[in-house]
Amino acid sequence: METKTIQLNPRSKNITEGKSRAPNRSMYYAMGYEEADFKKPMIGVANGHSTITPCNSGLQKLADAAIAGIEEAGGNAQVFGTPTISDGMAMGTEGMKYSLVSREVISDCIETCVQGQWMDGVLVIGGCDKNMPGGLMGMLRANVPAIYVYGGTILPGSYKGKDLNIVSVFEAVGENAAGRMSDEDLLQIERRAIPGTGSCGGMYTANTMSSAFEALGISLPYSSTMANPHDEKMNSARESAKVLVEAIKKDIKPRDLVTKKAIENAVAVIMATGGSTNAVLHFLAIAHAAGVDWTIDDFERVRQRTPVLCDLKPSGKYLAVDLHRAGGIPQVMKMLLAAGLLHGDCLTITGQTIAEVLKDVPEAPRADQDVIRPISNPMYAQGHLAILKGNLSPEGCVAKITGLKNPVMTGPARVFDDEQSALAAILAGKIKAGDVMVLRYLGPKGGPGMPEMLAPTGALIGAGLGESVGLITDGRFSGGTWGMVVGHVAPEAAAGGNIAFINEGDSITIDSKQLLLQLNISDAELEKRKVGWKAPAPRYNRGVQAKFAFNASSASKGAVLDDY
């Protein structure tokens, strides 16, 4: 793409120039602006700082650095807030149903402020999971020059010589309930797992999305794996601000960057790093916001050609800080580019192409580390996020399939219409090896809000059942989940999807080799069960949950609210 130089205040001049805008300027003067400032770009800083969660409680210093960078580069910083939900704190409660809703609220906040205030650009700062897609969706809707600053990953905790993170605590709950861990060890893990600020440390959802944003070119190189407490994260925020001012001069906008080829690059990086199932849902929504033709089947196309190169949690050994020390996302991208698995001609926010950004990165990983494997000797030959179909999910669903000892299982259904009763059954020892748990009426409309299921899956793993019990749901999974799990089943139960018609004890097959999710009954029996079915009454009749349930599209389309 050819870039062009334009005036620095192409939008804000609508409220700062001319005699008729004297009242507008008067309000700016009240905040300390001077006449010369009205020729400068007005740049929004969407600040996700919050003391709700450690993921976001370290963001203010990044916002301060970004503000300084904007001013040093000749811009005016206009700060506004965006909300967050702590997935880790809300997990396993009714509050988790607000997590995906917050993605939409965040994107609405950014679009509203940028458009309502005629901002010339926007720098978005976020930490917890939904901050990431929500931020980018808002950037794409507003489509002014924009850059994303990720808050940074958390450092690992430690107990008895073992690295810990938040998922360690969820799994410890299951171990304790199964009699495999003492109360004292559970207490010490609880206290030591999270030593400070930053987002959850494995290749969970926040780190997955930040890595993908770096691959998209909407964030700076190396920025996605930096730790929040480290000075380089603050320096990166300041540099991001200066790069954004240059992008305003060149009129580089989010939709120039987030193209179909760029999304293919991002998904290839997600596969290569062993990223979260949530990335499937979020990139369907991001593509929708960008106006890009991208379907759930495109993930499978990229998966089949992309190896898993990184040994990262939840199913691997290392954390994001280890990936950073090993060369970060640029190292992974250069390996994929050299193998012909990345589009090098995609533009980045720096004004350079992907190939130009990666020019000086070596094609092979360093020999003194084992976080990133050589492309000739990958962790797995194909990606880990598979799209399964079958009579239980004709629109598709998402499974993590790498690292499983048994990639195929058939077992009796154990049916639950809510998460809490499923968790109680696991902790009470009522779920046995070979069972296939079904958690339904938890989709975008049915939940509503499509909650994540880390509490049940963590309990299964802690109880030693992670490899021997299957779990399928029309809800979602945390990025920290691993095991024989299948989520995003679509159509969902509340929309009359076939998952609604599973009976206790029915035979279900999960086949990650044939990409199949099947209820083993006849078509005639399935149709018989549908007779007389009615959608359940809405769980909410007012507020954001009611709006979400009424408007949300299928998970196979990203669970977006504006698919009209």
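Heads up, the Cβ atoms here are built off N, Cα and C, so glycines get one too.
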Recorded Mg(2+) site member, picked from Glu363, Glu395, Glu419, Glu452, that accompanies Asp87, Asp129, Lys130 in Swiss-Prot:
Glu452
Out of Cys200, Cys310, Cys346, which one does Swiss-Prot list together with Cys55, Cys128 for [2Fe-2S] cluster?
Cys200
Using the alpha carbons only, what distance in Å do you get between Cys128 ([2Fe-2S] cluster binding site) and Asp87 (Mg(2+) binding site) once rounded?
8
In the same chain, which residues outside the set Asp87, Asp129, Lys130, Glu452 have their CB within 8 A of the centroid of the CB atoms that define the Mg(2+) site?
Ile85, Ser99, Leu100, Cys128, Thr205, Asn278, Ser478, Gly479
